[in-house]
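J.: Below are the features I grabbed from Swiss-Prot:
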DISULFID  Cys85-Cys172  disulfide bond
CARBOHYD  Asn159  N-linked glycosylation site
TOPO_DOM  1-19  topological domain 'Extracellular'
TOPO_DOM  41-49  topological domain 'Cytoplasmic'
TOPO_DOM  71-93  topological domain 'Extracellular'
TOPO_DOM  115-134  topological domain 'Cytoplasmic'
TOPO_DOM  156-193  topological domain 'Extracellular'
TOPO_DOM  215-238  topological domain 'Cytoplasmic'
TOPO_DOM  260-268  topological domain 'Extracellular'
TOPO_DOM  290-310  topological domain 'Cytoplasmic'
TRANSMEM  20-40  transmembrane segment
TRANSMEM  50-70  transmembrane segment
TRANSMEM  94-114  transmembrane segment
TRANSMEM  135-155  transmembrane segment
TRANSMEM  194-214  transmembrane segment
TRANSMEM  239-259  transmembrane segment
TRANSMEM  269-289  transmembrane segment
Amino acid sequence: MNKVNILPSDTNMKITLFSELSVGISANSILFFAHLCMFFEENRSKPIDLCIAFLSLTQLMLLVTMGLIAADMFMAQGIWDITTCRSLIYFHRLLRGFNLCAACLLHILWTFTLSPRSSCLTKFKHKSPHHISGAYLFFCVLYMSFSSHLFVLVIATSNLTSDHFMYVTQSCSLLPMSYSRTSTFSLLMVTREVFLISLMALSSGYMVTLLWRHKKQAQHLHSTRLSSKASPQQRATRTILLLMTFFVVFYILGTVIFHSRTKFKDGSIFYCVQIIVSHSYATISPFVFVFSEKRIIKFFRSMCGRIVNT
């Protein structure tokens, strides 16, 4: 593993990576603060606010952890020991899984919230925050149980050079695995992620069906005077579809780039592009929430008004 060739010579790649992380950290901090305050301040707190707060907090920690890992990538020489390597890389892998779990839970909860009263999903509408927290915790524990092998595979290689190790940072690398172990872990990971993404896709498809039915009923009842304004249900459904599209596109791109990287001996550029693409959803999704929810804008306006009046 020649570490001189691992570091990208293009400074623009470094600037792009840290710019994305900075923007994402700022946006998720704002989103987390807004939804946490709205959850505790409003008379009827919505469980979906807690779920979005979970998602933004997970993405915030994911981007911060990635920032620490990226800092070690661009150093001249690695300084981390094996404990730091294993802790940060394992924590980062867990946060990526938690992000998927939180996004999946949000889509499902949104489906319950926007379902009509005649739907069989109505009974799930008014579940307490304890149920939301419990479901999120269950998904997280499930994800943790499949990622413990990283503690064995991650090693500190600040002073070692070998073509058999897979580069992670200047300090850390992954040990090679046998074909059978690689296939087993890959199958478990793909099964887990396909299951969660399928739940997101099913909930999104269900919402599209509901939106289509609602639109047909509205056209039938108000055929002569249709309103050009989108209803809250329509806006929420568009937000769900937009988030789902972003997630799937970035997930597929990240997977393609990862497999392209493994085919090249010096995959430094592919590695950096993979990191940028795989963290794009965590950077972009807060802006989708902020611009699609009028409550957030009203919340910040009222907060600014309080500050001015004090």
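The backbone N, Cα and C atoms fix where each Cβ goes, and this holds for glycine too.
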J.: Which bits of the chain, at least 6 residues beyond where the topological domain 'Cytoplasmic' (290-310) starts or stops, bring a Cβ under 8 A of a Cβ in it?
T.: 27, 30-31, 34-35, 37-38, 235-236, 238-239, 242
J.: So how many of the residues in the topological domain 'Cytoplasmic' (290-310) end up helix, strand or coil by DSSP?
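T.: Split into helix, strand and coil, the topological domain 'Cytoplasmic' (290-310) gives 19 helix, 0 strand, 2 coil.
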J.: Kindly state the mean pLDDT of the topological domain 'Extracellular' (156-193) in the predicted structure.
T.: 76
J.: I want to check the contact list for Cys172 (disulfide bond): same chain, sequence separation of six or more, C-beta distance under 8 angstroms. What comes out?
T.: Asp72, Gly78, Trp80, Cys85, Leu88, Ile89, Val154, Ile155, Ala156, Thr157
J.: Tally every other Cβ atom lying within 10 Å of the Cβ atom of Cys85 (disulfide bond).
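T.: That number is 25.
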J.: With an 8 Å cut-off on Cβ pairs and a sequence gap of 6 or more, do the transmembrane segment (50-70) and the transmembrane segment (239-259) reach 3 or more such pairs?
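T.: Stretch pair does not touch.
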J.: Give me the DSSP three-state residue breakdown of the topological domain 'Extracellular' (71-93), ordered helix, strand, coil.
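T.: Its residues divide into 15 helix, 0 strand, 8 coil.
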